[in-house]
Amino acid sequence: MLCGLLGALLPCTALAAPPPILETEESNTAVMPKPNPHWLYVGTRAGGVTIIDGDTAKIVGTINAAPAAGFALAPQGKEYYVSETIWTRMNRGTRQDLLSVYDGHTLNLIKDIELPGRLIASGRTPYFSTSADGLRGYVYNMQPASSIITIDLAKRNVLGITEIPACGLIYPHGKTGVATLCADGALADVAIDASGHGRITDRIPFFDAQQDPVFEESPVDRAGGQALFITFNGMVHPVHLGAPSTLEKAWSLQQAAGLSPATTSPEQTTWRPGGRRPFAFHPGSKRLYALMHEGAPWEQKRSGTELWVLDTATHQLVNRFTLPTSGYAVGVSEDNAPLLFVLSEDGWLWVMDPETGKILRSLRDVGRTTLLATDRS
Amino acid sequence: MFDGRLFEGWSEKLTRRLASGTSRRGVLSRVGLALAAAPVFPLLPVDRSRAHAATTPRLTEFQKNAQVTDDTRCNYWRYCAIDGSLCSCCGGGVHSCPPGTQPSLTSWVGTCYNPADKRSYLIAYRDCCGTSSCRQCHCDNTDGALPTYRPQANNEIIWCFGTSSMAYHCSTAALVGVAE
């Protein structure tokens with residue numbers, strides 16, 4: 001042996017020293033880091049809401065949610081809210097409609113608020129949302145009459161139900177304002193009092209609900225009350241939500257790019273908005289991000305091959321970004337150094353620079369997006 | 001509790017009235033009758049195709065690519081506004097629910113163009129409910145599909161109202177009648 005030959009110069013124990021035994025461990029559970037405005041919340045078809053940090057493109061946690069759930073977050077991510085439907089025996093037994101409240105630090109369930117119903121449909125933002133200050137929750141119900149269920153999120157109870165005949169969806173704004181869209185192509189203001197009861201107070205007809213309806217996922221800045229209702233053809237109808245709401249001059253996404261406005265003619269192939277969630281709005285810069293594809297009418301869910309950046313103040317196209325995979329949903333963080341998020345149908349997340357379109361980071365296997373949310377906290 | 005029969009009556013009446021009235025679909029269906037015969041439909045009688053050969057087609061992208069032979073593919077003509085798994089791929093058929101499931105009492109309605117006879121038909125899309133999702137042959141066609149504020153033409157709602165279970169399995173496309 002070498003150590004034997006070298007004798008006293010090199011003890012055998014020094015050459016053959018075994019590595020130290022690894023320390024024993026206790027299983028534990030991580031808690032959430034402090035939320036930042038670059039967090040993205042992604043609801044998927046299989047259920048659950050995945051929280052991804054846009055600065056690292058890594059998952060930081062997942063909120064429990066049934067399939068076809070709605071999702072909203074309290075300011076600063078202190079709590080998360082999931083509107084969902086479950087049954088006592090998995091998919092049979094007694095139906096339970098719930099607003100489930102989760103702690104933002106541990107993601108543990110705090111409370112189930114029982115709801116008197118809710119629409120079960122592929123999750124969309126205007127099925128469940130909160131007031132801008134986060135004190136009220138609003139759940140859209142259709143059973144079969146349309147109504148809005150108002151929830152006091154601080155006291156954690158249902159306040160009341162407001163019928164909205166021939167209308168659907170909820171677009172909260174400010175502390176207590178709510179707007180809805182109606183089957184005849186009108187926007188309706190809904191006044192809901194402190195008891196959670198209310199009525200439609202005003203109606204503004206502004207679009208053709210049969211020929212060229214507005215997207216459900218039209219962007220709304222709840223704090224500022226600025227809504228951009230965008231039609232399948234790409235007409236942008238700015239509305240200042242209030243009591244009453246006021247309609248501003250409409251403009252065309254295509255005209256902003258120097259093209260003719262899109263029509264409902266099947267022969268017209270042009271750039272059109274489409275996807276699961278085709279739009280995102282950044283309130284600070286007043287920029288609109290739109291997933292666009294070249295195609296004919298009635299392809300409103302077709303993913304976008306390009307992302308258009310538009311200035312909503314000047315109605316001008318600022319930039320066009322070609323996407324690495326077609327975009328099914330788009331989001332933008334609401335801070336002053338925003339990140340752009342694009343998700344594809346096959347589960348890619350692309351984190352992009354909104355100024356240049358450069359891909360900063362990516363994550364795969366995110367799932368098929370239903371909902372997308374960001375927070376300005 | 002929710003009365004599915006009430007909703008069925010309300011929904012069917014409303015949807016049929018809307019779908020067969022002054023809709024874009026109604027216009028398209030009338031236009032469709034005068035369409036030129038396209039070479040992709042070889043089963044069409046020759047005399048009929050010649051009779052319409054001079055007119056200009058005004059077909060949607062779905063209608064241009066629709067076929068009448070394979071109801072397990074998304075471009076089967078009746079599926080113009082379907083969203084979900086095709087029951088034809090799940091042990092059922094174009095208007096039949098697979099074993100162990102129930103057809104929804106209510107439906108959403110589309111108006112689809114049949115390239116074989118160049119007529120448009122009202123299609124009642126019913127979900128089959130009561131067992132785990134089939135997940136086969138997922139389609140998401142949007143011809144005339146409208147947002148939730150027009151529920152009668154919305155294909156994202158789980159239409160299992162009134163059945164013993166709201167569990168979605170797959171979707172069917174039953175022919176209801178001629179749209180004209």
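Glycine is no exception: its Cβ is also placed from the backbone N, Cα and C atoms.
Features of the protein shown, as given by TrEMBL:
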type	residues	note
ACT_SITE	B:Asp127	active site, proton acceptor
BINDING	B:Asp83, B:Asn155, B:Glu156, B:Ile157	substrate binding site
DISULFID	B:Cys74-B:Cys139	disulfide bond
DISULFID	B:Cys80-B:Cys112	disulfide bond
DISULFID	B:Cys87-B:Cys170	disulfide bond
DISULFID	B:Cys89-B:Cys137	disulfide bond
DISULFID	B:Cys90-B:Cys134	disulfide bond
DISULFID	B:Cys97-B:Cys128	disulfide bond
DISULFID	B:Cys129-B:Cys160	disulfide bond
DOMAIN	B:68-177	domain 'Methylamine/Aralkylamine dehydrogenase light chain C-terminal'
Of all listed recorded positions, namely B:Asp127, B:Cys128, B:Cys134, B:Glu156, B:Ile157, those lying near chain A with CB under 8 A: B:Glu156, B:Ile157
Euclidean distance between Cα atoms of B:Ile157 (substrate binding site) and B:Cys129 (disulfide bond), Å: 13
Local Cβ density at B:Asn155 (substrate binding site) - other Cβ atoms counted within 10 Å: 24
Cα-proximity to B:Asp127 (active site, proton acceptor), 10 Å cut-off, over disulfide-bonded residues B:Cys80, B:Cys87, B:Cys139: B:Cys87
Distance, B:Cys170 (disulfide bond) to B:Asn155 (substrate binding site) (CA atoms, angstrom): 12
Disulfide-bonded residues: B:Cys89, B:Cys90, B:Cys97 - member with fewest neighbouring CB atoms within 10 Å: B:Cys89
Residue among disulfide-bonded residues B:Cys80, B:Cys87, B:Cys137, B:Cys160, B:Cys170 with least C-beta crowding, 10 angstrom cut-off: B:Cys137
Candidate disulfide-bonded residues B:Cys80, B:Cys90, B:Cys139, B:Cys170, pick with smallest Cα gap to B:Cys128 (disulfide bond): B:Cys170
Other C-beta atoms that fall within 10 angstroms of the C-beta of B:Glu156 (substrate binding site): 23
Segment confidence, the domain 'Methylamine/Aralkylamine dehydrogenase light chain C-terminal' (B:68-177), expressed as mean pLDDT: 96
Candidates B:Asp83, B:Glu156, B:Ile157 (binding-site residues) - the one closest to B:Cys170 (disulfide bond) by CA: B:Asp83
The domain 'Methylamine/Aralkylamine dehydrogenase light chain C-terminal' (B:68-177) - residue tally per DSSP class, helix then strand then coil: 9 helix, 39 strand, 62 coil
Winner by Cβ contact number (other Cβ atoms within 10 Å) across the recorded positions B:Cys74, B:Cys112, B:Ile157: B:Cys112
Cα-nearest neighbour of B:Cys137 (disulfide bond) within the listed binding-site residues, B:Asp83, B:Glu156, B:Ile157: B:Asp83
Chain-internal residues, separated by at least six, CB under 8 A from B:Cys139 (disulfide bond): B:Cys74, B:Tyr79, B:Ile82, B:Asp83, B:Gly84, B:Ser85, B:Leu86
Distance, B:Cys87 (disulfide bond) to B:Cys112 (disulfide bond) (CA atoms, angstrom): 18
